[in-house]
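Working notes for the structure below.
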Amino acid sequence: MTSIAAISAPARPRKLVGAGRRQWIGLLYVAPAVALVVVFFIIPLGMTAWMSLHNWPLMGAHSFIGLDNYWAILRDTRFWNALRFTGYYTVIVTIAIFVVAFPLALFIERPRPLTGFYRTSFFMPAVIGFASASLLWSWLLNVDSGLFSPAAFELGLTEKKVNLLATFQPAFWSIIAMVVWKVAGFTMIILMTGLQSIPPDLQEAAMIDGAGPLARFRAITLPLMRRTLALALILSVAGSVLAFDQFYIILRGGPRNQTLTAVYWIFNQSFVSFKLGYGAALSMVLLVILVALSLIQLRLLRQPEGVD
Amino acid sequence: MAQARSRKRRIGMQIAEHATGIVASLLFLAPIVWTVLSAFKPAQESRQPPLPPWPTTGFSVENYATLNTFGDGLWLPAQNSIYVSVMTVVLSVIVSVLAGYGFSRFRFPLKDLLFVLILSTIMIPFQSILTPIFLVLTKIGLHNTLTGLVCVYVTLQLPFSIFMMRNAFDAVPREIEEAARMDGANNVTMLLRVMLPLVWPGIVTIALFAFLGAWNEFLAALVLMTDQSKFTLPIMMTALQSGRFGAIDWGAVQAGVTVMMVPCLVLFLLLQRFYIRGLMAGAVK
């Protein structure tokens, strides 16, 4: 290291010559990334806002209609139902994920033989896609060829094979089970990073002072991983608000359109009914909700970690 | 006496802990194992509930053969998925290595603004801008092409991967660069010969995330790929599972799900530490 420092010293004056020009080259390096983001993100974002003010069918001319799409949203009870269902799903699934993921994180955080195996097993469903997981569970949940109803019937738990996807409650809870199975490992790893950042001597000191496991959890673990908890919470909430794949693949929005999520409704309006302008206005509403959530996230994360 | 009892209790605790761990592991692994095993049943047996999950009337690849008879077969959508995922990996690595290097090592006008601009796209759900993306792709002639889909996927990867690469380049000591510059290295040889070997763990991480992201993505592919010959695996399998090609063959669904899962699982098992690294980098920052 010292030799490198020694030779780099006389290089300084040379570096000043043309340094300004060389710095500009940086723009060239970031140009492809900026171009992609502008063409496939910034322009579409502007277009969404612009299109939301239009009557914009797939074919034929579009016409400016001002805020009419937004007035229509106010009267669109099915959109509000979809939004309400999305909110309900988000709350339930987030609670369910944490209830499963937190004990798992505590379990794998402590080093013991086989920890690596446990961690990998819990995490495996997280790397397969939502579409694969949904297809897989649509089979497991099938009434004739699936696993759950026939198994319950064989074991004598039910008198006949019950179609789990035919009514709202069992269908909804089946989706919750599938999502928890798929996502808990992911949340577990996030929570584990928070647990590992707690200095072990703090726990030991509390143990010497006679604090039981529950008291230690409440007084040390929870406050010290507030930031990690906030992150895991926001990731789960943002992901759930945008839920689509599982409801489209397993339930097709049914039974009786009761499981249409916000994204699903926008998809239907834009790409099934081809009301592109109206879909754009709905997208703007969703976008505002998500940006608001992100801003809350930034606030929560900016608070420094540690005891108040 | 008391010591022996407490040792016994400790061993009892350990057994209980491992029993819990093993049961929980089985619960998480079961659906995956169930599918992979059931896919190897003969077609006749696949129509029955998977009890037990393994083939009882002989091992067979009939389900894979059946899967291949639907629509354009198995190979075409598999090829599409491979092409889209590999291209997404290659392009997002190139673009983010260049951008990460640029943001880490140069001072130029608008630098901070551009960096924040790219990172902030992570706050905007792409689900809300799919219609205009569809129109933009039509405008530039990439409508209904796999290349168009790749462009969208690469853009979605950029905030995470540029953030990762900038951190990776920031971690390389400047002295190394100055020494190389003394030896006459220009910017390009500097990046390729000196920097790349030092940041490759970051590259593996972003490549892995790009592959999994592209391989598993569903909604954008569903909306943007309208022509059946351009379907990726998730879209083709959903069409099959929705009964678009006639009666639903659950054996074919199991085979298809296996084809979709196995690459992800293998890559994850091989590159696990890079995956966890990426997650932690995202979580800590």
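The chain as shown is numbered from 1 upward.
From the backbone N, Cα and C atoms, a Cβ is placed for every residue, glycine too.
Given the structure is predicted, the values throughout are model-derived calculations rather than measurements.
Record features, source TrEMBL:
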type	residues	note
DOMAIN	B:78-271	domain 'ABC transmembrane type-1'
TRANSMEM	B:21-40	transmembrane segment
TRANSMEM	B:82-101	transmembrane segment
TRANSMEM	B:113-134	transmembrane segment
TRANSMEM	B:146-169	transmembrane segment
TRANSMEM	B:190-215	transmembrane segment
TRANSMEM	B:250-271	transmembrane segment
Stretch in B:21-40, B:113-134, B:146-169, B:190-215, B:250-271 most in contact with the transmembrane segment (B:82-101), if contact is a CB pair under 8 A: B:146-169
Residue list, the transmembrane segment (B:146-169) vs rest of chain: Cβ under 8 Å, 6 or more residues beyond ends. 80, 83-84, 87-88, 91-93, 95-97, 99-101, 103-105, 115, 118-122, 126, 133, 137, 195, 199, 201-203, 205-206, 209-210, 213-214, 217, 220-221, 224-225, 230, 232, 278, 281-282, 285
Is the transmembrane segment (B:21-40) in contact with the transmembrane segment (B:250-271), using three or more Cβ pairs under 8 angstroms as the rule and ignoring pairs under 6 apart in sequence? yes
